[in-house]
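One structure is given below, encoded as structure tokens.
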Amino acid sequence: MSLLEAIVLGLVQGLTEFLPISSTAHLRIAPELFGWRDPGAAYSAVIQLGTVAAVLIYFRKDIVSLVAAFFRGLARREPFGTLEARLAWFVLVGTLPVGIAGLTLKKFIENEFRSLYVISGSLIVLALILLVVEKRASHQRTLADMRWKDGILIGMWQALALIPGASRSGTTLTGGLSLGLKREDAARYSFLLSIPATTLAGVFELKHLLEAETRPSAMALWVGTLVAFASGMAAIAWLLRFLRTRTTLVFVVYRVALGVLLLVLLQTGKLSPMSGVENVEVPGEPGAPPVEKQITD
């Protein structure tokens with residue numbers, strides 16, 4: 001992988017990770033446009049660490065407050081005594097569905113699910129769901145109104161992000177809106193909920209990628225991750241400002257347009273569903289089945 005590829009993919013990752021348009025879809029499509037090989041789910045998961053760092057720094061005050069409240073509540077035997085403590089628990093509980101689904105269904109969400117047909121379908125279907133939710137939601141509740149049911153349900157929405165093209169931010173934002181949360185509150189919770197799953201996925205895939213016989217250079221990983229961090233910070237700030245005064249309709253239109261364009265290109269033979277995708281084999285086991293996994297979108 002060249003440095004130009006690393007920069008472009010890092011930029012794509014950072015800008016699309018937090019927008020409800022699917023980072024995996026764009027990381028899969030971008031190489032097709034430039035004639036590059038698919039970087040793979042492992043590389044995508046590793047440079048997600050850059051966007052995780054962006055969330056940690058952007059929301060550092062909120063995160064410190066949540067962590068402090070969590071342990072203070074345990075020490076005082078009042079684990080759910082404050083809003084911050086409850087939100088910390090909601091994030092932990094909300095991470096369980098994607099973890100369980102990822103481990104249980106990993107054989108079904110490996111390389112085959114990176115097909116451009118799957119991605120185009122996910123882009124369109126989830127866009128239509130977001131449209132319906134946007135129109136019917138009350139947009140009145142805040143994070144202070146969240147209950148255990150809300151944390152679990154949004155966590156289940158996050159599990160849908162295992163399907164490439166669904167978009168982790170898109171599914172969790174849709175889940176939050178469906179429960180009546182204000183757009184900005186739904187987005188803030190989506191960002192906080194992303195931290196455990198994407199961190200664990202990135203660390204796991206980094207270990208796997210470093211052990212693989214064929215892998216990007218360390219420089220490509222560093223550059224991609226740093227660019228993802230910088231562009232991710234910008235994307236977070238922009239999205240929160242945007243959702244204070246606007247709806248998610250622009251993302252719905254974009255997703256449908258991109259999904260339809262992909263289908264047209266696939267049907268006309270301009271694109272191949274699995275072109276450029278390479279499997280990563282287990283080190284020391286020639287011919288072993290691929291272990292590349294899509295953890296979160």
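Think of each number as a place in line: the chain as shown, counted from 1.
Quick reminder: no glycine exception, Cβ is built from N, Cα and C everywhere.
Quick look at what Swiss-Prot lists:
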type	residues	note
TRANSMEM	39-59	transmembrane segment
TRANSMEM	85-105	transmembrane segment
TRANSMEM	113-133	transmembrane segment
TRANSMEM	151-171	transmembrane segment
TRANSMEM	190-210	transmembrane segment
TRANSMEM	220-240	transmembrane segment
TRANSMEM	249-269	transmembrane segment
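The transmembrane segment (85-105) makes no contact with the transmembrane segment (220-240): fewer than 3 of their CB pairs lie within 8 A, with pairs spaced 6 or more apart in sequence. With a cut-off of 8 Å between Cβ atoms, the residues of this chain six or more beyond the transmembrane segment (113-133) that come close are 20-22, 24-25, 28-29, 32, 38, 41, 160, 163-167, 170-171, 173-174, 177-178, 248-249, 251-252, 255-256, 258-260, 262-263, 266, 271-274, 277, 294.
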